[in-house]
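Here is what TrEMBL says about this protein:
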- 60-78: transmembrane segment (TRANSMEM)
- 90-110: transmembrane segment (TRANSMEM)
- 130-155: transmembrane segment (TRANSMEM)
- 176-196: transmembrane segment (TRANSMEM)
- 202-223: transmembrane segment (TRANSMEM)
- 235-259: transmembrane segment (TRANSMEM)
- 265-282: transmembrane segment (TRANSMEM)
- 303-321: transmembrane segment (TRANSMEM)
- 341-371: transmembrane segment (TRANSMEM)
- 383-405: transmembrane segment (TRANSMEM)
- 425-441: transmembrane segment (TRANSMEM)
Amino acid sequence: MQCAPGLSSSRRAIPVLVLALWCLGALSILFDSAMAQHLAGAIALLIATLSCLTKPGLNRWIFMVLFTATLGLIHHSKQWGAIPEGLERAAMISAFLASLYVLRAIIQTAPQLSEVNASFTALEPLPRRGMVQLLGVFFGVPLAVGAVSVIAPLATYQDHDMSAQEDIAGWSIRGIGLSVLFSPFTVAMGIVTTSLGDRLHLGSLLLIGVTLATLLLAFSFLSRRCRLPRELPRSFWKALLWVLAPVLVLVFLNLALYLSVGLNPLKAATLLIIPLALLIAIKRDGSAQRTMLNLTSTYWRDFDGEITIFSGALIFAVAVTSMPEVQQTVSLLAHSIGANALISLTVLAIVIPASLGLHMVVPATITLTLFGPVMPSDLHVAFLGLAALVGWAYGAMAALGSLAFLTACKAFSVSPTALAKGENMRFMAGFIFIACTLVLFL
């Protein structure tokens, strides 16, 4: 379906709308302003509507199905407040992700990035695997799927054949997927913190997540499928430290705000990243400033599809959980099979649809919103959040429904189907089977 020329040209306004959404999100956080939240939700709906009218693809059909289902549920429950509440949640996550795109632009324009890339060329296959996996973790923390824009050029620095490119792609995606387990700067963590609310002790979740990621990372090295890159010069690590310096500053500031005023990382990052980017841009030359601005504008112009998915998933999740019948059913389910079984079910409810082509945000939002209130303890809530992150990590590594996975495949010029059936799928499927079995019997 082709859109009218006037509607197509209106897409140029999307970066301005995203900036307005971020400003309102920041005002809402700073002043606890209900009016700012309402306006941010209205802008999220405007962007989603504009996206459905002007951008072909699966996202608009998912949104329309979810929105239609939401109207049916609300007609039954009469809880019409679910729509604005869901849109306001979507707006806050979108403001957070808009900030992450700015962070991506900071990293991608770092002067030392070329030195990080150049130091990679002489590595043998096993240390090369270890290096791209570590780079995936390091750059996955601030950039999520944006890390592939840093790592993908490494696949073409030498005359790699397709198997070598698939190998580099697979190991870098594994590192990016592992960073999902603990990074506070991802959509996955934003969905988890938004869906579980104040019951989630974020410190516990991050501690468990980084421990699990470390164990899985160590397994890759101990199984001798890769090894540490000892041949890299000291200049590489120095350049890498300078590239990641803004991230380290953000982590420190986030931690300080969390410990001092209890501000969660999603809100702290929303407030801090864009002002930090302005400070960094001031210190860079005019060419770097223009590149940062152009990158951010490009990212924001194509951001409407994700806002559309967030909006549809969150209004549907709020509508479902506002129905007393659903709440009673989930309570009975928790009583009959136990909280541990619901935690295991959460992983599977994300992994299976993602493998079939459905974006993880939809099942993750629904399961977390439904199961969170029936968790018996804060530790169970943390493990429920971790279950969603594990499912999301699987998607990032090996699911055709993951935008991150498909973007990575495109950046590395490899077949998504071949990579989805590769070692990462077996690695994560084996871990999920063992973890779910252990959780069920704990």
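FYI, residue positions are counted from 1 along the chain as it appears here.
Glycine is treated like the rest: Cβ placed from N, Cα and C.
Unlike curated records, TrEMBL annotations are generated automatically.
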Contact between the transmembrane segment (303-321) and the transmembrane segment (425-441) (3 or more Cβ pairs under 8 Å, separation 6+): no
For the transmembrane segment (341-371), distant same-chain residues with Cβ under 8 A (at least six beyond the ends): 58, 62, 66, 187-188, 191-192, 195-196, 309-310, 312-314, 316-318, 320-321, 326, 330, 333-334, 380, 383-385, 387-388, 390-392, 394-395, 398-403, 420, 432, 435-436, 439-440
Among 60-78, 90-110, 176-196, stretch most in contact with the transmembrane segment (383-405) (C-beta, under 8 angstroms): 176-196
Contact call for the transmembrane segment (265-282) against the transmembrane segment (425-441), three or more Cβ pairs under 8 Å: no
